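Working notes, structure below.
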Amino acid sequence: MMGGMSVVEWLLLGSTTLALLFQSFATFSVPLSNGVTLSHFNGYKFGVFGWCDTTHTHCTPLKLGYSAEDGFLFAGQDELSLPTQAKYSLSKLLVVHPLALCSMVVLWLMVVLSQCYKHSDRRLTIIILWSFLTYMETLLCFLVDVLLFVPYLDWPGWLMLVSAVLVVFSSSIACLRRRTLTSQRIEKGAKEDLELYPLYGGALGAGVVSDSESPHRPYTEGSIISVTSRASSRLLPSASELETPREELTLMDPSIKCHIERSPMS
């Protein structure tokens, strides 16, 4: 559970949480939030879903993108001008902000669920792949904000760059965690092999079990017969071993000496 998380797991969860928070600042800007803006210029405050007039506190309806005719919606207003010479059609790309936020929410949920349950290579691989998609969307958000509002880009726009860096950092942490799990699994398998070696090592050294027969694989009836026959063949002496040369045996009593001729066994 989350109470026993390691430092690496805390870093992964913390980086994704901060990235989600920073993206929320930029997405929920004016007119959703009057105090948070992507840019302010010439009496206007710009956000993802519209803009507001700071003088008369008027805001456009919620929509994606800006239009030059928006300034004439209120009496006494001039034509709306963007901080840069970018075309108004480029402001339609602000749609990547809510898309990136949704991807970030999904990434954050996957990280939280991975902390609550046992880690697996599959879950971490999905997190790594999804974080790459989230990073591309977050970086695109920052580029759109730069093209539209630089040099009047406010701090929520710059937080998108920080969020992109945090997504890369969290992806690196997930890669490190996945590599650690793989190494632990390999070490565990090697340890189990060492523990099983006293059980099967003697049989392998005596030639009872061939190299092709893994000790982890259960024996079939045919393999048992094969192993038994090979074991019996090694236990029975060969014909050459049965042949014993003639030996001269000397009795313990030095006064009696006899030569006993031992004939070879047939």
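From the backbone N, Cα and C atoms, a Cβ is placed for every residue, glycine too.
For 2-22 (among others), the entry in Swiss-Prot reads transmembrane segment, with the evidence type sequence analysis. Non-local neighbours of the transmembrane segment (2-22) in the same chain are 101, 104-105, 107-108, 111-112, 115-116, 138, 159-160, 162-163, 166-167, 169-170, 173-174, 176-177, 180; each lies 6+ residues outside the stretch with a CB under 8 Å from one of its CB atoms.
The topological domain 'Extracellular' feature in Swiss-Prot is assigned to 23-92 (among others).
Residues of the same chain lying 6 or more positions beyond the ends of the transmembrane segment (93-113) and with a Cβ under 8 Å from any Cβ of it are 12-13, 16-17, 19-20, 23-24, 26-27, 48-49, 64-65, 123, 126-127, 130-131, 133-134, 137-138, 140-141, 144, 148, 163, 167, 170. The transmembrane segment feature in Swiss-Prot is assigned to 93-113 (among others); the stated evidence is sequence analysis.
Per Swiss-Prot, topological domain 'Cytoplasmic' is recorded for 114-123 (among others). Outside the topological domain 'Cytoplasmic' (114-123) by six or more residues, the chain places 1-2, 5, 9, 12-13, 177-178, 181-182 with a CB less than 8 A from a CB of the stretch.
Feature annotation from Swiss-Prot assigns transmembrane segment to 124-144 (among others). Listed as Cβ neighbours of the transmembrane segment (124-144) (distance under 8 Å, sequence separation of 6 or more from its ends, same chain) are residues 19, 23, 26, 90, 93-94, 96-97, 99-100, 103-104, 106-107, 110-111, 114, 157, 160-161, 163-164, 167-168, 170-171, 174-175, 177-178, 181.
Across the topological domain 'Extracellular' (145-148), the DSSP tally of helix, strand and coil residues reads 4 helix, 0 strand, 0 coil. Marked as topological domain 'Extracellular' by Swiss-Prot: 145-148 (among others).
Within the same chain, residues 11, 15-16, 18-19, 22-23, 25-26, 29, 36-41, 46, 82-84, 104, 107, 131, 134-135, 138-139, 141-142 sit at least 6 positions outside the transmembrane segment (149-169) and bring their C-beta atoms closer than 8 Å to a C-beta of that stretch. The transmembrane segment annotation in Swiss-Prot covers 149-169 (among others), and the record cites sequence analysis as its basis.
The topological domain 'Cytoplasmic' annotation in Swiss-Prot covers 170-266 (among others) and is backed by sequence analysis.
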